[in-house]
């Protein structure tokens, strides 16, 4: 009996697991794979056509050491292609198309899809790869305006006409709206089934032969409307017609108005006929710097007449309007069934020359993978492009190359959202505090300190970190004024400045207020001299 040391068993198990994992990735079922760990230069061919000026770069995914193929410039067209070692058939068993994209700066308008190209015998070259290069399948995200879909389009040659027709998957999945890495998978089965996965989750299942799943359907209709058929001139499509025997009633007055004056209405008691709805503001005074010659005659602003607030109304009373019971509008003859009605005309059906029958799509082989897009956003990263014949291989790649990145990005996004949420709550709370403080500043007994309080509030809005300290300062002002009102008798009158430059202020605080007013007045005079005079009406506080 051979004895194996206990510590050797785990090592042997690990070696076997690693070998099995490598064998899976090196499986013959993997037709093509590019992780972009190495630069694309020399391996992929960038289109040299003038339309495609976008710069491709070999760059790391943000926050990872993993490299990908990056769209590095905004508002550009991009085209790049990679030829396969040999064409892969889409008709022999299962085929899985899979790749990752990360919209690092979002996607407002642009594509992030791949094109699986037919062999070059179809009429294209890698160096001049463009939007006209013939493909078998186009698959991946596309978003612009009302378009928001994960495309799946296949081109199929009609055996009767020889024409290649694009067939679009109906109701495709939408594109994830975040900036995380996502993996897109299309699984083509030999029983004509198509499955679209996003991040490993099935989002759409379809059948290539179903008329409901692709537009236009793969199999054309047996008949089509005859393009040569014309509607007869005497064909009547009107189901109803005006009764030719109907006569307008003699009492039908088409000129009667919709509304008339309510003659039964009475003026409400207490209506103030001689009071205007608005009056001059009695508290408004002409500003000291008002110049009648330059500014015109001063007119006090209008305010709502306080007498009209409690009264039913003011000014001339007029009877209201009411609906006219005699109103009937314009007369029309009633509709009756049309005796000559033949229904809605349609051209007759003829055999469809494009019709054919098929048990499965006659896919063209795929000989290259290309990216040909126009996008307004930069930061689109392509990674881990895979073509395989085994669904499990694709699943393994998702679990080992995409999922670890996605989990890290998702956790980081959650942390950022939590921070933004707390900051948003704090900002909302501070706004409510500022609104309350502005209301406090309008309290009449604080009028002498209003400008100082508003200055403090504005400073707090500009520097939110000072909010608490400024609230305390305002509270001190309010408390001081309250104490003065409570124990100091009448509010001392503000002493006017004298021409000699001295003042009769009774306290040092009043002197300080006078200085502040003098400074404000001089600043206003400077601004008035620098700017043209406004014809505005100011109300004294």
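Backbone N, Cα and C define each Cβ position, glycine as well.
Checked against TrEMBL, the range among 422-443, 444-465, 466-487 recorded as transmembrane segment is 466-487. There are 14 other CB atoms within 10 A of the CB of residue 144 (disulfide bond), with all protein chains counted. Contacts of residue 109 (disulfide bond) defined by a Cβ separation under 8 A and a same-chain sequence distance of 6+ are given as 143, 144, 145, 375, 376, 377, in order along the sequence.
According to DSSP, the secondary structure content of the compositional bias 'Basic and acidic residues' (225-241) in residues is 0 helix, 3 strand, 14 coil.
Under DSSP, residues within the region 'Disordered' (216-296) fall into helix, strand and coil as 4 helix, 13 strand, 64 coil.
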